[in-house]
Amino acid sequence: MKPVPSTNGKVDDKVEHHNLSSSSSSSSSSSSSDTKFNISNRYGNFLQRLEALDIWPESNEQILLEPYTYLTNIPGKEIRSMMIDAFNHWLQVPRPALEIIKKIVGQLHTASLLMDDVEDDSDLRRGVPVTHKIYGIPQTINTANYVYFLAYQELTKLKPCLRSDATTDLWSLVNDELLQLHRGQGMDLYWRDSLTCPTEEEYLQMVNNKTGGLFRIAIKLMIALSPIPETPDYLPLVNLVGIIFQIRDDLLNLSSVYTKNKGFCEDLTEGKFSFPIVHSIRSDSTNHQLMNILRQKPTDIGTKAFAVSYMKDRTKSLEYTRGVLICLEEQAIEEVTRLGGNPALESIFELMHVLPSPPATDQN
């Protein structure tokens, strides 16, 4: 049917509109049918497809763990693994179970490092850029949390290794120590962010919670899996080792030894109250220079070198820290002797006894 011309020679608007509407309606109806067919075809049997969606591809696992493997591929101190082997001189845990414990502690340790670096806004870890500078903060945090749960999965592999008379709840054991670890980390962050200098006693409690936690997880798991029915109380020694390790780490951070791996005096840049810094501030409460330097979180070498010189020469805090380390090391060696001796553990103490080089004051 041809459009009817109007009296002015144009096509009647109503007729044209009717034709367009008919065409549009037909097209819309066809499109709607296609859409319904596609939805029905794709989702009509969705319940049967749900099971396949539960399958987690290995390629996805690799993507999720990439921030974690980035850090694990960079060699660390391995002090915790060495400690586990040393304590096994006494506890005699079968090798397969011991390797699982090492894996669990390694996972928890690396996950905590990922989180620490984010919370401290660090730049370097083991001499390379920290993970979140490569993968971003959201992905790094998610991976760290994921690895915590992977460690709990590994715990289930230890249950068959428990002695028949053992009543230890492995999950509660690990959970209690992770609570302690986060309590310690929480106080460390609070002091830093509120610029509150703790007492030495408060600092030591924080370290015992934070650094000692992973050491205790390892030894408590080993005690639970040891074939020896009655063992001495090794935990005081474990706690002492954790404190020695952290104080030594604090001292090293103010020396040239750490410059390559962590950056020169990184604790000052992060505004942290480490053991030498706590002693220095508490030794001379009338001088606010060091506290003000921490407030600024300096990145320049000159300011940090000045702070180190102040702690070294004015308050003698570096000498004091070395003295505390020597005193604690002697007590640890005495405790090892009391427990029957342990050549592997004594070797670790000798390694840790090597005091850092004199503090670096010129990095030019």
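Even glycines carry a Cβ here, placed using N, Cα and C.
As annotated by Swiss-Prot, isopentenyl diphosphate binding site applies to LYS77, ARG80, HIS109, ARG126. Long-range Cβ neighbours of LYS77 (isopentenyl diphosphate binding site) (same chain, at least 6 residues apart, Cβ-Cβ under 8 Å): none. The secondary structure of LYS77 (isopentenyl diphosphate binding site), as reduced to three states from DSSP, is coil rather than helix or strand.
According to DSSP, ASP120 (Mg(2+) 2 binding site) is assigned to a helical segment. Annotation comment: Swiss-Prot describes ASP116, ASP120 as Mg(2+) 2 binding site.
Among the features that Swiss-Prot reports, Mg(2+) 1 binding site is placed at ASP116, ASP120. Cβ contacts within 10 Å of ASP120 (Mg(2+) 2 binding site), excluding its own Cβ and spanning all protein chains shown: 19.
Swiss-Prot lists ARG125, LYS210, THR211, GLN246, ASN253, LYS262, LYS272 with the feature dimethylallyl diphosphate binding site, giving similarity to another entry as the kind of evidence. When Cβ atoms from all protein chains are considered, those within 10 Å of LYS272 (dimethylallyl diphosphate binding site) total 19, not counting its own.
The Mg(2+) 3 binding site annotation in Swiss-Prot covers ASP249. DSSP gives ASP249 (Mg(2+) 3 binding site) a helix state.
Sequence annotations record features per position, and here Swiss-Prot assigns compositional bias 'Basic and acidic residues' to 10-19.
Annotation comment: Swiss-Prot describes 21-33 as compositional bias 'Low complexity'.
The feature region 'Disordered' is assigned by Swiss-Prot to 1-34.
The average pLDDT computed for the motif 'DDXXD 2' (116-120) is 94. As annotated by Swiss-Prot, motif 'DDXXD 2' applies to 116-120.
Feature annotation from Swiss-Prot assigns site 'Important for determining product chain length' to TYR148. A C-beta separation below 8 Å, combined with a sequence spacing of at least six in one chain, links TYR148 (site 'Important for determining product chain length') to GLN107, LEU108, ALA111, LEU178.
Within 10 Å of the Cα of ASP120 (Mg(2+) 2 binding site), the following binding-site residues from the list HIS109, GLN246, LYS272 place their own Cα: LYS272. Between the farthest pair of Cα atoms in the isopentenyl diphosphate binding residues (LYS77, ARG80, HIS109, ARG126), the distance is 16 Å. ASN253 (dimethylallyl diphosphate binding site) sits 19 Å from HIS109 (isopentenyl diphosphate binding site), counting Cα to Cα. For the pair formed by LYS210 (dimethylallyl diphosphate binding site) and HIS109 (isopentenyl diphosphate binding site), distance between Cα atoms is given as 11 Å, rounded to the nearest Å. Between the C-alpha atoms of GLN246 (dimethylallyl diphosphate binding site) and ASP116 (Mg(2+) 2 binding site), the distance comes to 15 Å. Distance noted between the C-alpha atoms of ARG80 (isopentenyl diphosphate binding site) and THR211 (dimethylallyl diphosphate binding site) is 11 Å. The distance from the Cα of HIS109 (isopentenyl diphosphate binding site) to the Cα of ARG125 (dimethylallyl diphosphate binding site) comes to 14 Å.
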